[in-house]
Amino acid sequence: MAYWIQRLTLPILISLLFTACAHAPTEFAEDRPAPEPKIEQTTSGVAGSSQNDEGSAETSGAAPTEDAAAPQEASEDAEKPRKLIISLSEQAFTYKENDQIVRTGPISSGAKGYPTPTGRFAILSKDKDKVSSRYTNQLGMQAWMPYAMQFHGHYFLHEGWLPGYPDSHGCVRVGEKDARFLFATMKIGDAVTVEP
């Protein structure tokens, strides 16, 4: 009997290690300062404005330098307004460019007692290797939330387990390929609508 317990323990622990955002009811992580998110920088549009290491704006007397590719990229972005629509009732997302459907897929939203907020939001920040500062996994480790895009408060869209029903602590989880696509395609400021 002890032999089988030893042989099964390691695979179970390894599978639990790779669980993330609220696969099962968990406790809040101990209070500690959250790590600084890796935020995709956007151009402020203010002459002489730049970002320092702390993320605050500084002004300098020098005129900003122009990147030859920047105006073309900005015009391409202006031509293709991006929008993500999340349907909680259907547990699905729809990604659109120019009001044309580009991609759809399944999600897992907030479980009972942990509702995902509804309304109109925007992408606030992006972090490819986000670690939750609020929740832990079954091993008591901070929950990993890859390809995270913050859309409201402490709510993120990120890669995660998709059981086919609402199962998170309020975040919106999508599959790996969808998470990679959305992370690469969406920009800070893009519209996110969460429908009941």
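Glycine too: its Cβ is placed from the backbone N, Cα and C atoms.
Per TrEMBL, the features are as follows:
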SIGNAL    1-24  signal peptide
REGION    28-81  region 'Disordered'
COMPBIAS  29-39  compositional bias 'Basic and acidic residues'
COMPBIAS  40-59  compositional bias 'Polar residues'
DOMAIN    82-195  domain 'L,D-TPase catalytic'
ACT_SITE  His158  active site, proton donor/acceptor
ACT_SITE  Cys171  active site, nucleophile
The DSSP breakdown of the domain 'L,D-TPase catalytic' (82-195) into helix, strand and coil residues is 10 helix, 63 strand, 41 coil
Whole-number Å distance between the CA of His158 (active site, proton donor/acceptor) and the CA of Cys171 (active site, nucleophile)?
8
